[in-house]
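S.K.: Before I ask anything, here is the structure I am working with.
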Amino acid sequence: MTDLLLLPGDGIGPEVIAEVRKVARVLTPDLQIAERLFGGSSYDEHGVPLTEEALAAAKAAKAVLMGAVGGPKWANAPRDKRPEAGLLALRAGMEVFANLRPALCFNALADASSLKREVVEGLDFMIVRELTGGIYFGSPRFIEDVPTGGKRAVDTQVYTTAEIERVARVAFELARGRRNKVTSAEKSNVMDSGLLWRQVVTDLHARDYADVELEHILADNAAMQIVKNPKQFDVMVTDNLFGDILSDISAQLTGSLGMLPSAALGEAGKPGLYEPIHGSAPDIAGQGIANPLAAILSFEMALRWSLDQAEAADKLYAAVIKALDSGARTRDLGGALTTAQMGDAVIAAL
Ligand code: ATP
Ligand code: MG
């Protein structure tokens with residue numbers, strides 16, 4: 001059985017995933033790894049960005065790690081065959097509903113943050129964003145003419161108890177493996193969906209997770225606290241819209257796009273989907289200069305959350321910190337190491 005399915009994808013995707021392969025050979029030599037084409041590279045070979053067979057392989061693996069998809073080469077492909085359509089089909093097919101976006105600050109890079117060093121040094125908190133519900137998907141939604149003049153636009157936020165509970169459960173489970181604190185962000189003061197959100201999280205906490213510290217925060221205050229004192233947070237769970245905004249604010253605390261991993265999780269026991277938050281970076285693709293750390297840290301998350309290898313994950317995380325502390329820097333971090341040299345630096349630290 002496949003433990004880890006690699007989907008290198010397009011652009012710098014294959015370059016950064018190659019470094020994950022190198023790291024895995026040293027760190028977890030027994031891991032069963034398979035690989036499939038995905039995105040534009042699959043479209044070129046098979047005529048579709050995600051084949052039925054590749055999706056089946058993803059669903060049968062314990063974890064899926066992708067690089068990035070897309071690029072100018074496929075900009076004129078039919079809409080449903082574009083690389084990005086493959087990504088949406090993969091997420092839908094894997095039924096992942098909880099998007100994990102860590103906000104990490106490596107001390108060696110703290111001066112690159114938009115905040116003061118002392119505010120972000122050692123920062124490590126996790127936003128869990130609900131990914132498949134809320135205002136982006138609610139109905140009705142429309143724009144219509146108003147008889148008295150002008151138009152009106154309607155979007156609808158819908159959340160069910162089940163949708164809230166399953167994403168909150170992911171947050172509580174994560175907190176237990178971290179600093180045991182969950183902060184739930186909504187606008188229960190002005191939104192009924194926020195009120196239900198708060199009730200469901202409170203009930204689930206009392207029923208199954210009383211050992212975890214729970215606090216509620218209004219989403220606007222959360223935004224303020226994230227830039228004022230982000231280290232107060234461990235795991236923050238929130239809806240699709242607030243999560244979209246709050247996770248982008250958090251990413252900005254920590255410097256380069258080339259550093260940040262992410263995960264999307266579904267029901268317990270189903271495979272998670274892991275990916276760097278950066279895109280295929282066509283401007284630097286093929287030059288061997290991309291920073292592979294976001295992909296390597298995505299592998300670290302896969303080890304921890306889907307592959308039951310927390311010890312290997314701890315080792316890998318420590319190795320990344322050690323490599324950075326020793327001065328290893330790719331070009332995006334102001335250095336001159338190639339992608340492969342950065343991978344080598346992590347392996348040397350291991
Ligand atoms: P997408 O639409 O696929 O998310 P994007 O427009 O957000 O793409 P990216 O592909 O993420 O853009 O790249 C944005 C910028 O960051 C580019 O200049 C790219 O070269 C740079 N960049 C992205 N990832 C890395 C990386 N791993 N290492 C170095 N530079 C990177
Ligand atoms: Mg982008």
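The backbone N, Cα and C atoms fix where each Cβ goes, and this holds for glycine too.
Please treat TrEMBL annotations as automatic predictions, because they have not gone through curation.
The NAD(+) binding site annotation in TrEMBL covers 71-84, 279-291. The substrate binding site annotation in TrEMBL covers Arg91, Arg101, Arg129, Asp220. Taken from TrEMBL, the feature Mg(2+) binding site applies to Asp220, Asp244, Asp248. Feature annotation from TrEMBL assigns domain 'Isopropylmalate dehydrogenase-like' to 3-346. Residues or ranges marked as site 'Important for catalysis' in TrEMBL: Tyr136, Lys187.
On this model, are these features tucked inside or out on the surface, and what's nearby?
M.R.: Taking all protein chains in view, 27 other C-beta atoms sit within 10 angstroms of the C-beta of Pro83 (NAD(+) binding site).
Under the three-state DSSP scheme, Arg91 (substrate binding site) falls in the helix class.
Secondary structure from DSSP puts Asp244 (Mg(2+) binding site) in a helix.
For the recorded site, Tyr136 (site 'Important for catalysis'), the DSSP three-state label reads helix. Counting Cβ atoms from all protein chains shown, Tyr136 (site 'Important for catalysis') has 14 others lying within 10 Å of its own Cβ.
On its own chain, Lys187 (site 'Important for catalysis') has Gly194, Leu218, Ala219, Asp220, Phe242 as residues at least 6 apart in sequence with a Cβ closer than 8 Å to its own Cβ.
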S.K.: Sequence gap of 6 or more, Cβ distance under 8 Å: name the residues on the same chain that satisfy this around Ile289 (NAD(+) binding site), in order along the sequence.
M.R.: Thr330, Arg331, Thr338, Thr339
S.K.: Please list, in sequence order, those binding-site residues from Ala75, Arg79, Pro83, Asp244, Ala281 with the Cβ less than 6 Å from ligand 1.
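M.R.: By the Cβ criterion, which requires under 6 Å to ligand 1, the hits are Ala281.
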S.K.: If you measure Pro83 (NAD(+) binding site) to Arg91 (substrate binding site) at Cα, how many Å is it?
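M.R.: Cα-Cα distance, Pro83 (NAD(+) binding site) to Arg91 (substrate binding site): 13 Å.
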S.K.: Between C-alpha atoms, which of these recorded positions comes nearest to Arg101 (substrate binding site): Ala75, Tyr136, Asp248, Ala281, Ala285?
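M.R.: Answer for the nearest of the recorded positions: Asp248.
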S.K.: By the DSSP assignment reduced to helix, strand and coil, which category contains Arg79 (NAD(+) binding site)?
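M.R.: Helix, per DSSP.
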